[in-house]
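Annotated features in TrEMBL:
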DOMAIN    44-293  domain 'G-protein coupled receptors family 1 profile'
TRANSMEM  28-51  transmembrane segment
TRANSMEM  63-81  transmembrane segment
TRANSMEM  101-123  transmembrane segment
TRANSMEM  144-166  transmembrane segment
TRANSMEM  203-229  transmembrane segment
TRANSMEM  241-264  transmembrane segment
TRANSMEM  276-295  transmembrane segment
Amino acid sequence: MTRAEQGNETAVVEFIILGFQSNPEVQFMLFLMFLVTYITTLAGNLLIMVLVVTDHHLHSPMFFFLGNLSFLETCYTSTILPRMLSSFLTNKYVISLNGCFLQYFFFTGLAGAECCLLTAMSYDRYIAICKPLHYTTIMNGRCCLQLAGVSWVNGLLASAVVTSLMPQLTFCGPNEIDHFFCDFAPVVKLSCSDIHWIELVTFILASLLTLPPFLLTIISYMCISYTVLRIPSSTGRHKAFSTCSSHLIVVTLFYGTLMVVYLVPKPNTLGDLHKVFSVCYTVVTPLVNPLIYSLRNNNIKKALR
């Protein structure tokens, strides 16, 4: 492994991503599973993007945001799975420092953008159900572009700040990342520098990027629930709930797995289980999102037919 001398210390210039090497007997099965998952994820999300662009019945704010979400999910899963699949085939688990930081930048930026985009989608549902007479006025093309643009910029900007600080760390000890991609905690804990300052900056930015969108999403659905429950007919209530049920399921999956991975304490004995939960929000969520929307949305099903 190539290393560079720095005084009396040896600076690590490459990382070894351990991934799922602790279970060599299931490597081929994991390769097939992740390959099928990746192909299905790409096909499902690309199909939704094509439908949203080509079918004039889907030219509405809700499907504009859905197209953005599908594009985001395609990029999101592509930051991790191709390298993982390549490692399974070649048995090469080495990644350069710059490659690791670049993967972390895109992964974190897209995850942050998804938090904001899901909030924009919940705001769209709030206006559609709680203020239907003003929907076309409020959710015009300019507003949709601004909400989508702010979502992308916020996520990538916050990620750029943290990623720009990571090269300032010195890595001179172990170089094995006990994960299947370059996440923040497994990487910085290998540093022999003082990491308290970068942990503080990351905590502040992560809180600003996830907590307000999460609370706004919760408030939106509280208002939606209050409005729907006041509808006198059961048919009307069912129809109103059905317009936002798919989005609510996606929000629950995304934030639920995110909380399990980053908020629940992770003893060393649960290392492999932690990786499984990480797979849920990095791999499974992008896979099931197009399925949820296509199976539960009548307009998508009509466009498919």
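Backbone N, Cα and C define each Cβ position, glycine as well.
Bear in mind that TrEMBL entries carry predicted annotations, made automatically and left uncurated.
Confidence in the domain 'G-protein coupled receptors family 1 profile' (44-293), given as mean pLDDT, stands at 87.
Counting residues 6+ beyond its ends, the transmembrane segment (276-295) has Cβ neighbours under 8 Å at 34, 37, 40-41, 44-45, 47-48, 66, 69-70, 73-74, 76-77, 80-81, 107, 179-181, 183, 246, 249-250, 253-254, 257-258, 260-261, 301, 304 in the same chain.
Tallying C-beta pairs under 8 angstroms between the transmembrane segment (203-229) and each of 28-51, 101-123, 144-166, 241-264 places 101-123 first. The stretch with the most CB contacts under 8 Å to the transmembrane segment (241-264), chosen from 28-51, 101-123, 144-166, is 101-123.
At the 8 Å Cβ cutoff, the transmembrane segment (101-123) and the transmembrane segment (144-166) share at least 3 close pairs (sequence separation 6 or more) and count as touching.
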